[in-house]
Amino acid sequence: MSRLTLGIVLIILGLMLETDIGESMRFELESGNTKCISEDIKANAMSVGKYSIVNPNEGYPLPDSHRLTLRVTSPYGNNNHYGDRVDSGTFAFTAVEGGDYTACFWATDHKPPVTITIDFDWKTGVAAKDWSKVARKGQVETMKLELKKLYDTVTSIHEEMFYLREREEEMQQLNRETNSKMATLSFFSLVVCLSVAGLQIWHLKAFFERKKLL
């Protein structure tokens, strides 16, 4: 490996390590309301998530009013996780279907209404792996582990490119089918318009002949 190639690899490695892959957020939800979050996941990709309600009174037990229900569903509506009236939880699954997976949070109804704050961390693909366990189990050197991370990240990007290409081909096919249907509809519309115009001319001609105007 030349010095230039090695330098490029190290630069890419540094950029990859500084990039936080995944979705981590904090948001508020009023009791009785629902908030849904979508994540585009390709088939056979691993996905992990964890969620918890932030305690408004640190050092004291979480109030009974601070409970939520979470349902994670696939693009075809299959359940991947369901937590009912909980204050925290985790989920992990391997995507069987490619597409938009949805996590819907519902805050338990309470009178008077309260607002809860939720921490939600959702990771997919390379980011979903527990690299600390990989390092601990394998007893590998730091550089070797980082190169393994880089390799898996590049593989994930490569697979994502093919996935996006497939989605693009599907969209192009849909556009072609739509254009074909629109052309057929336009042709039939033109035929109908010409037929109506012909009938109108024939009717007017017959009317004028009866009135002896022609």
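Glycine is treated like the rest: Cβ placed from N, Cα and C.
According to TrEMBL, the feature signal peptide maps to 1-24. Annotation comment: TrEMBL describes 34-149 as domain 'GOLD'. The annotation transmembrane segment is assigned in TrEMBL to 182-202.
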Chain residues in Cβ proximity to the transmembrane segment (182-202) (below 8 Å; excluding those fewer than six residues from its ends, i.e. six or more beyond): none
DSSP residue counts for the domain 'GOLD' (34-149), split into helix, strand and coil: 20 helix, 56 strand, 40 coil
